[in-house]
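**Q** Okay, so Swiss-Prot annotates it like this:
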type	residues	note
ACT_SITE	237	active site, proton acceptor
BINDING	13, 14, 15, 16, 17, 259, 304, 402	ATP binding site
BINDING	83, 236, 237, 238, 296	substrate binding site
DISULFID	68-222	disulfide bond
DISULFID	353-370	disulfide bond
DISULFID	413-417	disulfide bond
């Protein structure tokens, strides 16, 4: 038997994990084992909302060392994280300034300024990326305007996964799928757009040319002295999650469900027409030259904040209580930018209901019901938008990531969208990370080959739409006429 041992470092906005994958070549089986899981979150530092990258690096190294201590020979390592955020380095590789998080308010007003000065359509034609106020384009402008004293010291700007790869290997890389989330990569050249970079105030010398997934960045030397390849995987966590989505045919859509919900489809060509611009559709880079045509939805961030504020620890009990409540009594638009990072999420949700003359969700279960129903309805809106954009309906929706464990939300999604939902795999970002490593090690041919492995080894659950459900009736009778506000457009 031939085995490969690959390690995936998967960092999300609320948690991180170091996972060991064991691939058996002869039977094409893949098993995952969690080695180390740790918390991640936002911090306040010198007036900014930041990430504790030192703590994250320590947790990554701890997880890697645990694998080595077990005597396991690691064949490769890959790192994926969230998008848009970056770390600045000087000529000696030391950090400059703070690793500011995308939920910081420093970019307020800059997206509108860019649209006024450069033209909204021109920015979109160049980048193909949706307008979000925290895109790297606006973060860099905020940096150069508000902290000009840092500029002379900056030699390099590394996106989060590239920074952690650099810390392990000493080698710098700018991975393509994550680079596209910045709104700074030209969609035609796959290189940094000079006009957009110039507006941001950043120096092009801070960046190297983006590289597509599948190359070896460098090597991490483990405590035992072995040199282990660190692979540039599809380092944007959604790009990795899509790789592990067992999409079957052109009529399959995906929903990567976590802190954010990313709903979309794969395409060989981008969509940058006026319809796509009006819908704020993004064309993020994927593996093998594919595009992830998708839309950002605020996702389970709202629930995470409610759980935190109400100090709720038993999520299954909350979901059970939520399921017993009637549907669609409290409806908000999760994509309203008032929910990006409010001081108190519960109060913000209640205020949104009050302002629209609805009942006010008071209990924990009512707040959760409001979030789940509102998300499912927004999923239906976005799926319809995506189908109209490409001129063809979808036959199934694959929900992947941690959020796919929420069976109530899965069923609500199936009912609201009127589509068959296949939930799983849960650890989609980790699996997609592993998939690129296995391709780099010449164990698998391509993404479609890897998806066959996922289909046969992952635990998948199907949810059939119920046209007689409360939310299905709501969609048919009321929801189809409502107007929704674009997220940050």
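Each residue, glycine too, has its Cβ placed from N, Cα and C.
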**Q** Give me the CA-CA distance between residue 14 (ATP binding site) and residue 296 (substrate binding site), in Å, as a whole number.
**A** 17
**Q** Cβ neighbours within 10 Å, counted over all protein chains: which one of the binding-site residues 14, 15, 296 has the most?
**A** 296
**Q** Other than its own, how many Cβ atoms are within 10 Å of the Cβ belonging to residue 304 (ATP binding site)?
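**A** So the Cβ neighbour count for residue 304 (ATP binding site) comes to 16.
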**Q** Please report the number of other Cβ atoms within 10 Å of the Cβ of residue 236 (substrate binding site).
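**A** 32, counting other Cβ atoms within 10 Å of residue 236 (substrate binding site).
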**Q** In terms of DSSP three-state secondary structure, what is the assignment for residue 238 (substrate binding site)?
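**A** Residue 238 (substrate binding site) sits in a helix per DSSP.
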**Q** Between residue 13 (ATP binding site) and residue 83 (substrate binding site), find the distance joining the two CA atoms and give it rounded to the nearest Å.
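**A** Residue 13 (ATP binding site) to residue 83 (substrate binding site), Cα-Cα distance: 10 Å.
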**Q** Looking only at 83, 236, 237, 238, 296, the residues listed as binding substrate, what is the longest Cα to Cα distance in Å?
**A** 14
**Q** According to DSSP, which kind of secondary structure is residue 68 (disulfide bond) found in, if we only use helix, strand and coil?
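**A** DSSP call for residue 68 (disulfide bond): helix.
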**Q** Cα-Cα separation of residue 417 (disulfide bond) and residue 296 (substrate binding site), in Å?
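**A** For residue 417 (disulfide bond) versus residue 296 (substrate binding site), the Cα atoms are 17 Å apart.
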**Q** Across the listed ATP-binding residues, 13, 14, 15, 16, 17, 259, 304, 402, what is the farthest Cα to Cα distance, given in whole Å?
**A** 18
**Q** What whole-number Å value do you get for the CA-CA distance of residue 83 (substrate binding site) and residue 15 (ATP binding site)?
**A** 15
**Q** CA-CA, which of the recorded positions 68, 222, 238, 370, 413 lies nearest residue 16 (ATP binding site)?
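**A** Its closest listed neighbour, by Cα, is 238.
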**Q** Would you kindly give the Cα-Cα distance separating residue 296 (substrate binding site) and residue 370 (disulfide bond), rounded to the nearest Å?
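**A** About 19 Å separate the Cα atoms of these two residues.
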**Q** Find the shortest Cα-Cα separation between residue 222 (disulfide bond) and the binding-site residues 15, 17, 296, and name the residue that gives it.
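**A** Comparing Cα positions, the candidate nearest residue 222 (disulfide bond) turns out to be 17.
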**Q** Cβ-Cβ under 8 Å from residue 17 (ATP binding site), same chain, 6 or more residues apart: which ones?
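**A** Looking at Cβ-Cβ distances below 8 Å from residue 17 (ATP binding site), excluding near sequence neighbours, one finds 9, 10, 34, 35, 36, 37, 38, 63, 427, 430.
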**Q** Check each residue in the chain of residue 68 (disulfide bond) that is at least six apart in sequence and keep those whose C-beta is under 8 Å from its C-beta; list them in sequence order.
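**A** Result: 74, 222, 223, 224, 226.
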